[in-house]
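Features reported for this protein in TrEMBL:
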type     : residues : note
DOMAIN   : A:12-202 : domain 'CheB-type methylesterase'
ACT_SITE : A:Ser24  : active site
ACT_SITE : A:His51  : active site
ACT_SITE : A:Asp144 : active site
Amino acid sequence: MITPLWFTPALAARRPQALIVAGSAGGVEALMTLLSAVPSGLQVPVICMLHLPANRDSRLADLFDERLPVPVREAADKQAIAAGTVYFAGSGYHLSVEQDRSFSLSCEAPVHFARPAIDVLMTSAADAYGDELAAILLTGANRDGAAGMAYVHAKGGLTVVQEPLDAQVATMPQAAIDACAPDLVLPLAAIRELLQLLLEKK
Amino acid sequence: MKPRLDAADIELRMLIEAVYLQYNYDFRDYTGASQKRRVLHAVREMGCASISALQARVMHDAADFSRLLQYLTIPVTEMFRDPHFYAALREQVAPFLGTYASLKIWVAGCSTGQEVYSMAIMLREEGLLERSIIYATDINPQSLETARRGVFPLEQMQLYTENYQAAGGKRAFSDYYTAAYGGALFDKSLIENVTFADHSLATDSVFSETHLISCRNVMIYFNKRLQNRVFGLFHESLCHRGFLALGSKESIDFSDYAGRFDALVKRERIFRKASA
């Protein structure tokens, strides 16, 4: 693979210890494309969140477990976050990352009509991982995630937003671009390349 | 590099310590991320510049503390939340409960009472309410007062009705309330045998033997140490083979009490105290 121009030395020097990938409308398809880049020798946790209807069990973890070469699990309360695992947020509860890098669930009011909310996950993960976090925001039809991305950015984490024109629904990525200056704004195919470069260089 | 605590984290810890020393409310073993979010929300809503500024106000004004308490506790609940849970309770626990001449039930962390009314309705329909004493406990006096009044927003009734029906309700849900005081006033006879009481799972001890404890979506806000304490209280309170109900994503598996409860309905998080 030819290293793309946007993959700068500064970017190549980053060693994220955790990755968040989040989205809403159109997110399942986008994740299908993106997560196919996850290698069998995955060294960090990847935490995924899509907005889901409440009161319905999420099948996403099972769906992706069949397709990826690493374990895919629903994030559980008080569970230590393990490297090499892909996690999905379940439905009906907010998902946070604690300072000791374990998950916690909560059922406070929805944020931007969403529970789980991307802002909640990203903000708490940025507190736990600081500049060792990479956050990727994909397609979606509301503003959730914008404040979270801005907070990740403020804490020194890597922020990547899907190019709105490339997204199935532009609202979510556009709101994040307006809220913070993301490190990278890329079409999905390029984010997939980025993921390969970030995850394989260990 | 692992990030250092930022100023807000340090201020948060000091606030929680100050609240404990000044008001004897112990939030020290609550999980951090959700607590920080709620306190920062209080900072904004109460017009403070920082958590430290909020602390200064709370320390010198009990009314400000009581406002903060509404953020430190989490009064988000609905009637018959997770209808399948109530259906399982009705179908798989009520028959056991029916074998006791009198019943003691503890709704721990009852918040504004939706859980208590749901439980009472289910018990009435199974012919068990008259022989039951329900202890409904919480640390938030304002929530307990709301629970006692039994007036809930009318706009919630559609959701509650759907939940009730999905939970296997046997009547029309509207039989249980009348429109009054600008809301839905629930039938007072439902709470005739309910004792609402101030009780802290973090600092208080067991007050009665019980047959069933429901503590749903309370312990997710506690760290492992406090969770272990609470499982200990429940284990002590429950009678031989007594029942414990948790929230739909809660688990005993990661606690010190993992082997001391058996799953009765695993999916719905209904457990029984294991035989000693």
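Quick reminder: no glycine exception, Cβ is built from N, Cα and C everywhere.
TrEMBL does not curate its annotations; it predicts them automatically.
On a predicted model such as this, the values are computed, not experimentally measured, just so you know.
The 10 Å shell around the Cβ of A:Asp144 (active site) contains 30 further Cβ atoms across the protein chains shown. Note: the Cα of A:Ser24 (active site) and the Cα of A:Asp144 (active site) are spaced 9 Å from each other. The average per-residue pLDDT of the prediction over the domain 'CheB-type methylesterase' (A:12-202) is 93, rounded to a whole number. Remark: A:His51 (active site) has A:Gly23, A:Ser24, A:Ala25, A:Gly27, A:Ala114, A:Pro116, A:Ile118, A:Gly140, A:Asn142, A:Asp144 as non-local neighbours, by Cβ distance under 8 Å and separation of at least 6 in sequence. All protein chains shown were included, and the count of other CB atoms within 10 Å of the CB of A:Ser24 (active site) stands at 24.
Look at A:His51 (active site): DSSP puts it in coil.
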